[in-house]
Amino acid sequence: MAAYSYRPGPGAGPGPAAGAALPDQSFLWNVFQRVDKDRSGVISDNELQQALSNGTWTPFNPVTVRSIISMFDRENKAGVNFSEFTGVWKYITDWQNVFRTYDRDNSGMIDKHELKQALSGFGYRLSDQFHDILIRKFDRQGRGQIAFDDFIQGCIVLQRLTDIFRRYDTDQDGWIQVSYEQYLSMVFSIV
């Protein structure tokens, strides 16, 4: 058996709070049509990736794009229709606002100190060593900082892991006891 700890804070869980209102539907429809290159009525992960900017002149993380599409694709069509796209638009816009809030030096990147503030703001109480692990895991450019798209991905993964942990933390004391196979099941449901 293995034990793992998480100290839940109030409302712990990364993610943007309810953000700004959506732009008008005609604006979003025009954006949708520009992104839907093949005119299928569905934006694929490749189309969305090409349309997104992470602010570093590198392609948006394809894993992040697939994660976002899977959250909003209610019909398992490997893409989002216009109705679902409005949710994607709001989700990404809300994340941009969160990112800008914690990017205190306006570098377009989140460093370890800014990440710690962001996660603390989400209710997480994690060690400096764990913040180092997150930076190493989600820093695709090897600069000790996380770009916007990788910040989203890191928060998505952290939330999924936290959700799984909470299912096993029945007494909500921040400790769980799981068998090796349960542990593997938890990990493989994320990767």
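Cβ atoms here come from the backbone N, Cα and C positions, even for glycine.
Residues or ranges marked as N-acetylalanine in Swiss-Prot: A2. Marked as domain 'EF-hand 1' by Swiss-Prot: 23-58. The annotation Ca(2+) 1 binding site is assigned in Swiss-Prot to D36, D38, S40, V42, E47 on the grounds of similarity to another entry. Positions annotated as domain 'EF-hand 2' by Swiss-Prot: 59-89. Residues or ranges marked as domain 'EF-hand 3' by Swiss-Prot: 90-125. Per Swiss-Prot, the feature domain 'EF-hand 4' maps to 126-161. The feature domain 'EF-hand 5' is assigned by Swiss-Prot to 162-191. The Mg(2+) binding site feature in Swiss-Prot is assigned to D169, D171, D173, W175.
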Task = Could you check if the domain 'EF-hand 1' (23-58) is in contact with the domain 'EF-hand 4' (126-161), meaning 3+ Cβ pairs under 8 Å among residue pairs at least 6 apart in sequence?
result = yes
Task = Using a 10 angstroms cut-off on Cβ to Cβ distances, just flag whichever of D38, D171, D173 is the loneliest among these binding-site residues.
result = D171
PLDDT averaged over the residues of the domain 'EF-hand 2' (59-89) = 92
Query = Hey, for the Ca(2+) 1 site built from D36, D38, S40, V42, E47, who else sits with CB inside 8 A of the CB center?
reply = V35, K37, R39, G41, I43, S44, G79
Query = Can you tell which of the binding-site residues D169, D171, D173, W175 lies nearest to D38 (Ca(2+) 1 binding site) in space, using Cα positions?
reply = D169
Key: Alpha-carbon spacing, S40 (Ca(2+) 1 binding site) to D169 (Mg(2+) binding site), which is rounded to whole Å   = 44
Task = Count the other Cβ atoms sitting within 10 Å of the Cβ of D169 (Mg(2+) binding site), across every protein chain shown.
result = 18
Remark   = Excluding its own, the Cβ atoms lying within 10 Å of the Cβ of V42 (Ca(2+) 1 binding site) add up to 20
Assigned conformation of S40 (Ca(2+) 1 binding site) - DSSP reduced to three states = coil
